[in-house]
Amino acid sequence: MRFTVAIDGPAAAGKGTISRAVATHFRFAHLDTGLLYRAVGAKVTEGADPVAAAEGLDLADLARDDLRSAEAGQAASRVAALPEVRAALVAFQRSFARREGGAVLDGRDIGTVICPEAEVKLFVTASDEERARRRWLELAAKGGTQSEAEILADLRERDRRDREREAAPLRPAPDALLLDTTELTIDAAVNKAIEAIELRQAQGRE
């Protein structure tokens, strides 16, 4: 059985949390595609060529402890704007998406570029201020020293870069379900996603 769930959205909107919960609920495989770009970005900050880093990426690179840092996020956004880097990572993502048993992929262009044929497409968003608060709490728990205002500025700059890039700009797929998590608890947001997937599965059985 092949069933693909594409979950897109800006940073700290909740798509990663929702994706992991959905994958666990349905026993689907999960891929955080942002980690691919963060891993490439981290290699580039160490002096690697972006395209070579993308072509040589392996699963071990996705386990680095520094991939959730603000620096890795900014580097990811920069390398993601390079068409050659995106092309090098597309095949990996598409192969993962059509694996047997179902798959959940979260990122910024899954429903629009990587898997436009996905059975379910969600676009998860939240207000800038709420996303900054969430990311600040996440980083502070790990000993981060960035202020909430600095994180807000970083998020807005990354959003601008992601929306304006020529290669796969950040935007909802025309048939994506919009899920605004600003006022939702994690459980409520996850339940909405599960309901959308179950509805699509039921339609497929009709």
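Each Cβ is built from the backbone N, Cα and C atoms, and glycine gets one as well.
Fair warning: this is a prediction, and the values are worked out from it, not measured in the lab.
Record features, source Swiss-Prot:
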type	residues	note
BINDING	GLY9, PRO10, ALA11, ALA12, ALA13, GLY14, LYS15, GLY16, THR17	ATP binding site
COMPBIAS	155-168	compositional bias 'Basic and acidic residues'
REGION	155-174	region 'Disordered'
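Cβ neighbour count for LYS15 (ATP binding site): 28 (other Cβ atoms within 10 Å of its Cβ, all protein chains included). Under DSSP, the residues of the compositional bias 'Basic and acidic residues' (155-168) split into helix, strand and coil as follows: 10 helix, 0 strand, 4 coil.
Mapped onto three states, the DSSP output places GLY9 (ATP binding site) in coil. Listed in chain order, the residues near the ATP site other than GLY9, PRO10, ALA11, ALA12, ALA13, GLY14, LYS15, GLY16, THR17 are ILE18, ASP106, VAL124, THR125, ALA126, ARG131, THR181, each with its Cβ within 8 Å of the site Cβ centroid. When the binding-site residues GLY9, ALA11, ALA13, THR17 are compared by the number of other CB atoms within 10 angstroms of each CB, THR17 has the fewest.
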